[in-house]
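K.L.:
Got a structure for you, questions after.
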Amino acid sequence: MGNSNELICIGLEGTAEKTGVGVITSNGEVLFNKTVIYTPKIQGIHPREAADHHAETFIKLLNEVSGVIPLDKIDLVSFSQGPGLGPSLRVTATTGRALALSLKKPIIGVNHCVSHVEIGKLKTDALDPLTLYVSGGNTQVLAYTGKKYRVIGETLDIAIGNCLDQFARYCNLSHPGGVFVEQYAKEGKKFLKLPYTVKGMDISFSGLLTASMKKYDSNEKIEDVCYSLQETAFSMLTEITERALSHTNKPEIMLVGGVAANDRLKEMLEIMCNEQNVDFYVPEKQFCGDNGAMIAWLGILQYINGKRMDILDTKTIPHFRTDMVDVNWVVKSTENELDILNKKRQIPRHLIGKGAEADILKGRYLEWESITKERIKKGYRTAELDEMIRTRRTVKEARFLSIIKDFSVNSPHIFDIDIENKKITMEYIHGKLLKDLIEEGNLEFCKSIGELIGKMHEGKIIHNDLTTSNFIVNTDAYMIDFGLGKYSDLIEDKAIDLIVLKKSIMSIHYDKFGEIWDKIIEGYSKYGHSELVLQYIKEVEKRGRYL
């Protein structure tokens, strides 16, 4: 190692079209950080051309580094091992190996996604954030729990950056397209109705992209299409982040990734955080997009916490998921850090609950105990979109809470519906949330939960927001919160329903996940369609970006 107490690491980033080199110390001081983007002459990234760009650019950037700090002062070499494009990753890994061997220094391959989270924490005051990671290749909602960054929500098809870039290419805009979409969106005035697809804490952009292209083809102004595309997509992202916040009760939210540079997305998330009374963080622009400093910083964190890697272990991992990384550096047993990790989002005292969509107030309806669920206005959404969503979901919830009883699924009785004010007054169920029972170690009702879901699916009803927060248990189990519900007998929709539940369990009940999931599936398997649905879960999960 070097002569001082500081460890100096050089990081090489090259997962797609951006080539980055960064140098950082173990005290978090960035000595060098530069990224050069490959801009294709013809729209779209060609993997081989991107790899050639890396090969040329790494040499230039390393020469620049040597003018700032002698390379023999480097103590550690870190490189992005994945996820990413195969050709790009191979060039990056080869450069890292050659550099480590020539300098006779240790080498560590790191996860690109986790690097974004850790550089964000370094460059902000965030300590235990719920993280929205948005880029050209990734869209994930992440939370640290059980020594991993768990993927609580993610895209079911394409990433948000990819969506924006594809639309820009369709409109003959230059790469990277998201920048031009943002510029045009600022001039848009007319909001165009587009598909809004949220499934629990997961999200889908493919339908939105196709519809936006059709709007462009129908001679709508490009400014209005970009405005509507951006407002719809970013509202969806903000909503799934808020849903994850409601489920995990994290005290802070952080935005990272290349799309984090978008001012409108930052504005939306900040508004939501103010409404939920949690802190919001986003690193400065140079640390939002892909960069070498983030790779170097994660290399340091892993190295000083015991990670070692032989040169033979540096094979690239194109499908390197965030939740594959063992995270042993977050808590180091100081009382202050433990207090931070135990800190939770606070719910206003006059409410008995505050979800992602609604405030829950306890009261009385005639002689019965009741709760009133009010879908409150969301300041981050345009007025037209907000009114449409709140009205539609209030109607849906009232309808499905009533219909679900026809299939022997318990749900609260509805006393009153106020569509104008987006309120539903319903029976107060004495009991505990399934989430709280599991935290107490009581898994007795998990099999019954599986049976309820099976009955619901036999009735061709999809909940679309199955989490352990949406079941109440006393002597029986009750299902609640049908605002995203729909009719469908598609095997895929039933599989996605269960996947949403699976992720919610893993996000906060990771230590009991196997036992909980086995019991739920045991109950669900009583129903005739179950075998096909359970098989299809594996097919849907394979679509996950970098699974």
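Using the three backbone atoms N, Cα and C, a Cβ is placed for every residue, glycine included.
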K.L.:
Record says H112, H116, Y133 bind Fe cation. Source is Swiss-Prot. Which of D290, D310, D313 does it list for that same site?
P.N.:
D290
K.L.:
The L-threonylcarbamoyladenylate site in Swiss-Prot includes Y133, V134, S135, G136, G137, D165, G178, E182. Which of N63, N249, N262, N274 is also listed there?
P.N.:
N262
K.L.:
The ATP site in Swiss-Prot includes I352, G353, K354, G355, A356, E357, A358, D359, I360. Which of K373, K377 is also listed there?
P.N.:
K373
K.L.:
What other residues of this chain sit with their CB within 8 A of the center of the CB atoms of I352, G353, K354, G355, A356, E357, A358, D359, I360, K373, the recorded ATP site?
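P.N.:
Here the nearby residues are S246, L351, E374.
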K.L.:
Rounded to the nearest Å, what's the C-alpha distance separating A356 (ATP binding site) and S135 (L-threonylcarbamoyladenylate binding site)? Just drop the number here, would you?
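P.N.:
Counting only the Cα atoms, the answer is 24 Å.
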K.L.:
Of these binding-site residues, H112, H116, K354, which scores lowest on Cβ atoms within 10 Å?
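P.N.:
Comparing Cβ neighbour counts within 10 Å for the binding-site residues H112, H116, K354 gives K354.
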K.L.:
Over all pairs in Y133, V134, S135, G136, G137, D165, G178, E182, N262, the listed L-threonylcarbamoyladenylate binding residues, work out the largest Cα-Cα distance in Å.
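P.N.:
Between the most distant Cα atoms of the L-threonylcarbamoyladenylate site, 18 Å.
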K.L.:
For the domain 'Protein kinase' (346-547), would you mind checking the mean pLDDT of the predicted model?
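P.N.:
Across the residues of the domain 'Protein kinase' (346-547) the model's pLDDT averages 93 on the 0 to 100 scale.
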